[in-house]
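Marked as domain 'Nucleoside diphosphate kinase-like' by TrEMBL: 3-134. TrEMBL lists 11, 59, 87, 93, 104, 114 with the feature ATP binding site. Per TrEMBL, active site, pros-phosphohistidine intermediate is recorded for 117.
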Ligand code: DAT
Ligand code: MG
């Protein structure tokens, strides 16, 4: 058990569909703390750095197009086991495999437009938070 911080993105599909409040409500209801929060549109370079681990994947170009395609909300969320807690709230990557009550399970149908990003480890969280909030 440890206090952690994680980088969360409410992706452009979530912002477009009016789900900022819904996601923020779930974060707060879980008992986690929002330390930082900013609405911004990413440059391609920033998106490519954030998703660098996927650079060789066939969907990388589409992923960068999507994540730069409109404003998103970047948050730093802190609390007990915040990384795993936020991955639980988000649900599995493919919304057709996410638990029904999770954010992706409830609000998305497509893997490419799955509403939310959450860091997957303490190392990723540290790296990603530096990209968005240097
Ligand atoms: P997660 O966002 O759950 O950490 P990931 O790191 O494996 O998932 O992938 C990052 C994002 O890339 C994911 O949220 C949606 C997109 N993605 C992943 N696999 C994909 C695929 N097979 N086809 C299209 N987009 C995909
Ligand atoms: Mg990931």
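Note: Cβ is positioned from N, Cα and C throughout, glycine not excepted.
Of all the binding-site residues listed here (11, 93, 104), 11 has the Cα closest to the Cα of the residue listed as 'active site, pros-phosphohistidine intermediate'. Proximity of the binding-site residues 11, 87, 93, 104 to ligand 1, judged by a Cβ distance under 6 angstroms to any of its atoms, singles out 93 in sequence order. Across the residues annotated as binding ATP (11, 59, 87, 93, 104, 114), the two Cα atoms farthest apart lie 21 Å from each other.
DSSP assigns residue 87 (ATP binding site) to a helical segment in the three-state reduction. The DSSP breakdown of the domain 'Nucleoside diphosphate kinase-like' (3-134), given as helix, strand and coil counts, is 58 helix, 30 strand, 44 coil. Cβ neighbours within 10 Å of residue 104 (ATP binding site), excluding its own Cβ and spanning all shown chains: 24.
If you count neighbouring Cβ atoms within 10 Å for each of the binding-site residues 93, 114, the highest count belongs to 114. Taking all protein chains in view, 22 other C-beta atoms sit within 10 angstroms of the C-beta of residue 11 (ATP binding site).
When the recorded positions 59, 87, 117 are compared by the number of other C-beta atoms lying within 10 angstroms of their own C-beta, 59 comes out lowest.
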